[in-house]
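Asker: Sharing a structure below in structure tokens format, with a few things to ask.
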Amino acid sequence: MNDGPMKKMGRSDAECEADVVAGNIPEAPPVPPVPSSPAGTPEISQRPRRNRRSPVLRSAFQETSLSPANFVYPLFIHEGEEDTPIGAMPGCYRLGWRHGLVEEVAKARDVGVNSIVLFPKVPDALKTPTGDEAYNDSGLVPRTIRLLKDKYPDLIIYTDVALDPYSSDGHDGIVREDGVIMNDETVHQLCKQAVSQARAGADVVSPSDMMDGRVGAIRSALDAEGFQHVSIMSYTAKYASSFYGPFREALDSNPRFGDKKTYQMNPANYREALIELRQDESEGADILLVKPGLPYLDIIRLLRDNSPLPIAAYQVSGEYSMIKAGGVLKMIDEEKVMLESLMCLRRAGANIILTYFALQAARSLCGEK
């Protein structure tokens, strides 16, 4: 029998039932009067707060979700055995490719992150003006891919396709004597780099160079070598941003002269992203990426609204380091801001997020510390 107004405090169910049989049913407690609104309160037909009044309702009506499956974990690798901390990126390391990297991947997989992207720190002795080391089948990246695929066959490996880690000039393309970045000659090198990565076992090659026509050329090169199954994630809208500083420190890949404004996009431009989107779609891109992430939520939404393809967002090193610094200085709650920033990228339209927080955020979402 349900408890109700008939059951008085201190009385058993049997006593209450006896009262009912005898017809001694106590009166229900009076209904409290409806509070009157303060004078001058307007009539409000819609009260959105009603749907926010309890955790259950808030969860039921949540429009955007965030899970470890949404993360791609960027990992820095080098030829050495030691894991070297990166000063400008607290918590990030240049990982030894044989041991430290394998251990970090295992940690990520334990909490549901099964996608990574590799960024190599190349010794200066191997850097040349044309970046030929980029397509050395015995180079650091191909060796690393083969090692990881042997140990974790279902791991999804993204690779970076660009010459800057391999260039003695520090640019994403081949530099002419007068300082001009040569587009078509660079694309030729990028095709060889992408094929080398695919041959090693890469799942997704990611041209980040912003050369014109590179997506179509890479698609043709991959198909000609029998790699029709390898996807292309194009850096569709990569801006000439000031948020990349810590990354360039990590790889020692700063341009030796000038800047990257002749090939990366102007941060002031919005509609230009549509030109890049249409070109990448027509050339066979499988995923479209926006970089940086949080300062460019409008561009993520623009691509989301204008393409059926999956959208990726890159939460870059500067975004990561700002949140880390704010947390260290106790100016913000690092974990809450981390998760909110990632949720905002998802809400704007990103299907996947490249983030250095991948492991930390996944642990948080899984209830680990």
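Easy rule for this one: first residue shown is 1, then count along the chain.
Note: Cβ is positioned from N, Cα and C throughout, glycine not excepted.
In TrEMBL, annotation is done automatically, which means it is predicted and not curated.
Got these off TrEMBL a minute ago, pasting:
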- 1-60: region 'Disordered' (REGION)
- 27-36: compositional bias 'Pro residues' (COMPBIAS)
- Lys238: active site, schiff-base intermediate with substrate (ACT_SITE)
- Glu276: Mg(2+) binding site (BINDING)
- Lys291: active site, schiff-base intermediate with substrate (ACT_SITE)
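Where in this structure would I find these features, and how exposed are they?
Answerer: Other Cβ atoms within 10 Å of the Cβ of Lys238 (active site, schiff-base intermediate with substrate), summed over all protein chains shown, number 26.
The secondary structure of Glu276 (Mg(2+) binding site), as reduced to three states from DSSP, is helical. Contacts of Glu276 (Mg(2+) binding site) defined by a Cβ separation under 8 A and a same-chain sequence distance of 6+ are given as Thr236, Ala237, Met265, in order along the sequence.
The Cβ neighbour count for Lys291 (active site, schiff-base intermediate with substrate), using a 10 Å radius over every protein chain in view, is 24. Mapped onto three states, the DSSP output places Lys291 (active site, schiff-base intermediate with substrate) in strand.
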